[in-house]
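What TrEMBL lists as domain 'Glycosyltransferase subfamily 4-like N-terminal' is 13-148. Per TrEMBL, domain 'Glycosyl transferase family 1' is recorded for 152-287.
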Amino acid sequence: MRITLVMASAEDGGLEKHVIELANGLSQNNEVSLIAHERFAHLLDAKVNVVKMDLSGSRHNPWTKYQLKKKIIETQPDVLHVHAAKTAQFVHRMVKSFAFPCVVTVHGQKKKNQMNQSFDHIIVVSEQLKHQLENSSKTSVVYNGVELKIVPQKFQKNRKFIAVGRLNEVKGFDVLLQAWQDIPHQLTIAGEGEQRPLLEQLIQDLDLSDRVQLIGFCEDIQKQISEHEALIVSSLREGGPYTLGEALLLNRPVFGTRVGMMPEFLSEKWLCETNDADALQQLIKHYCALEHPESVFQDAFNLAQQHLTIEHMLLNTEQVYRQAIASQAA
C-alpha cells in the first residue's frame, strides 16, 4: 500500500510521538510518506518519504491549503490518513476531490466534530470518543500503540511518582499540586509548556519544593517512568493518554482522572473526577495504602499487552485502510 500521513502539529507530545511511530512502523511493509514539519525528520526511518511542510500557521490560509493539496497528490497515495483537528480542518474540504479514500484520526475531545464526517473513515483512540461521534458506522477504535525502547524493569515500591505532559491547563498539573499537599512522597512532573512559571510559583506557595520537581521535556520518558513507582494522570481532557500505554507496558501502575481511554484499562476505583483536588488526593492516598500495588494492577498490565502494543496498532490501522480502499472501490 502507498500511504500518506499528514500532521499539522509541531509540538512535543503524545500525538506527535504516535504519528512518528505509526509512520516508522507502517514503512516496514508499505510505501509511506509523511507530510509534517521538518523538525521531525531526524526521528523518522530512512524508509519514510518525509515531505517537509510547515503547517503551524493559520488553518484557513488558502495558499497553505493549495500547497498541501499539491503535495498530497504528488505522493500518489492509495489512502490518505490525517491526524487531529487542525490537520482535518486543512483537508476536509478536499476529500471529495480525491480519487483515494481519506481517513482521519480523532485524538481528543472537540466540541465540533462535523468536519470529521467529511472523511471516508474515522479512527478514534478510545471507545469514549467513538460514543461522542455522530456516525459510528464508519468509525473504528484503534488504541495508540506503544513501542517500548527499554526492557521493563522489576517493580519497585520506591514511593516516587511521575506525571507527564505539556505544562498547559488541560493537563491539570495545578490540581495535582494542590492534591499533593498532604502527600509525603516524591513527585516528578516531566514536560514543558506555558504554565511552567505558574506551576513553579504554586510549588513555592504550597511549600512543595522539597518533594516536587519539574524536570522539563524528556527524550527518555520511558526510562523516567520505569524509575518511578506509578504514573498519575490529572488531565481535564484526553484522547489517550499515550503515557497510559507506556506505563502499563512497563509494569507501572496508573491512576487518576476519568479521561480518554483510562476507564477502558483501569478499574473504576482507580479513577476520579476531573478538576477535583480532594478526590485526586484521596485516590493517591488509597494507592499509597496498598501493600502490593503491582499485584493489584496485574489485570491492567495484561490488558495493555493485549491492546496497547505497537504491533496491535499497526495491524488494526492497516485493516482500516484496507476497509476504506475496498469501500471506495465498491
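In case you wondered, yes, glycine gets a Cβ from its N, Cα and C as well.
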In the predicted model, what is the mean pLDDT computed over the domain 'Glycosyltransferase subfamily 4-like N-terminal' (13-148)?
91
Let's see if you can do this one: DSSP helix, strand and coil counts over the domain 'Glycosyl transferase family 1' (152-287), in that order.
55 helix, 25 strand, 56 coil
